[in-house]
Amino acid sequence: MEASSCLRYQVCGFGLSWIWLCLLLLHLLQNCSLVLSDSPYLVGMGSYDITGPAADVNMMGYANAEQVTSGIHFRLKSRAFIVAEPDDGKRVVFVNLDACMASQLVNIKVLERLKARYGDLYNENNVAISGIHTHAGPGGYLQYVVYIITSLGFVRQSFDVIVDGIEQSIVEAHNNLRPGKIYVNKGDLLDAGVNRSPSGYLNNPAEERSKYRYNVDKEMTLVKFVDDEFGPVGSFNWFATHGTSMSRTNSLISGDNKGAAARFMEDWAEQNGLPKQTGHANSDDFGSLHLPRRVSTIIPEPDEITDDLMQLASSYKASGGRILASSNITRRIRNTQKNNAKFVSAFCQSNCGDVSPNVLGAFCIDTNLPCDFNHSTCNGKNELCYGRGPGYPNEFESTRIIGNRQFLKAADLFNSASEELQGKVDYRHTYLDFSQLEVSVSTSTGGQQVVKTCPAAMGFSFAAGTTDGPGAFDFKQGDDKGN
């Protein structure tokens, strides 16, 4: 089962330790006045592997005790972006993880390591760590009890590889800091996310619903980084859709649709010679850009990754002791250029709430009929109602399609980005106790009353789960009363 509404925004990537940067950047980007220094800025990016234990570790996201890792669909990465003012001015760090989310414990350990390396240069005020919300990564790396119940406690291997990867990606970004420019662009992507609780959305007042064209956020906002010497060197974007193209029965480690989109864009950039020049992206570009697909949970089809590896193996000839230049296929699989900037692209999670990548809708697995609209049930049973992705019944294909749609939109925004950001680098960070906030609410007599919030609670809908991952015990969506 998925997290309840009261927890879901943290699960989607909005932990209090770094929400400041996401909100600040989103607000400033929308007002076209991101507080960055006069050109040239110093921009740097880096990435590092964070693929955790690939066998016998419970996965994070669906809270399904039976969902344990048994292999790898594709590897996970930490991607770091640093923007700094020249001459020892202020700087900010944004890290995007191919993981369900970060955590306070992860943040603390990363900051300890950065302090040991750089002193006070990077700290809790200017380092933000975000997760893409994939449900197909190893779990057990959070310190919160509710998140590690199904993993039977803390998993040190999961934790260590994430902390190590974050640290190394920041180190690489720090070492790559060079003068550059930053651009912003935005546009709507209509076919990569739907509301998985449309009946719940209709409970909002009509006057509020009339302010929006869609019942979920369809806008993608992209930030483009251009090195003064090498040209375009990276980007990250925010777009709302869950990392649930891979189902709760999947057992292969995967970055789901956002991890796939990042892989597509980085491969596209390399094929088109970036960071030297910008190439045009379209669906035909994928003659040699594929995710591994599966005909079962463990057997790969032989015509994709295997073909790449065979080409790589055949590219190494007997040298007789002579040093040989690496082949094109070698460079495509592993970049061997030491002096060029590495292109890094992150597909970040935003207000994913009830946004599902299973865009065909929710259907009953016993009848193939649509689920009950109000409660997402089938003959009264919550467990039989599942959302379907565009590649149904192949969830690996759904992952590829939703990732491809995000990639194509991001590439279009990347190529057409012309609005340059200017200003000073700045950041905001605060801790808020949400259980002690005063809120003014309307009373039945038309007046106003000040009330206080209370500690968070999990209602019936938490146990019911969602159409991306149904719960159990006959709990139903929409049954919350007074929670």
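Note that Cβ sites are derived from N, Cα and C of the backbone, with glycine treated the same way.
So that you can see what the record holds, here are the features copied from TrEMBL:
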SIGNAL    1-37  signal peptide
DOMAIN    41-483  domain 'Neutral/alkaline non-lysosomal ceramidase N-terminal'
BINDING   HIS133, HIS242  Zn(2+) binding site
ACT_SITE  SER356  active site, nucleophile
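The two recorded residues, HIS133 (Zn(2+) binding site) and SER356 (active site, nucleophile), show a Cα separation of 12 Å. When the alpha carbons of HIS242 (Zn(2+) binding site) and the residue listed as 'active site, nucleophile' are compared, the span between them is 5 angstrom. Of the listed binding-site residues HIS133, HIS242, the Cβ environment within 10 Å is emptiest of other Cβ atoms at HIS133.
Using a 10 Å Cβ-Cβ cutoff, the residue listed as 'active site, nucleophile' registers 26 neighbours. The average pLDDT computed for the domain 'Neutral/alkaline non-lysosomal ceramidase N-terminal' (41-483) is 86.
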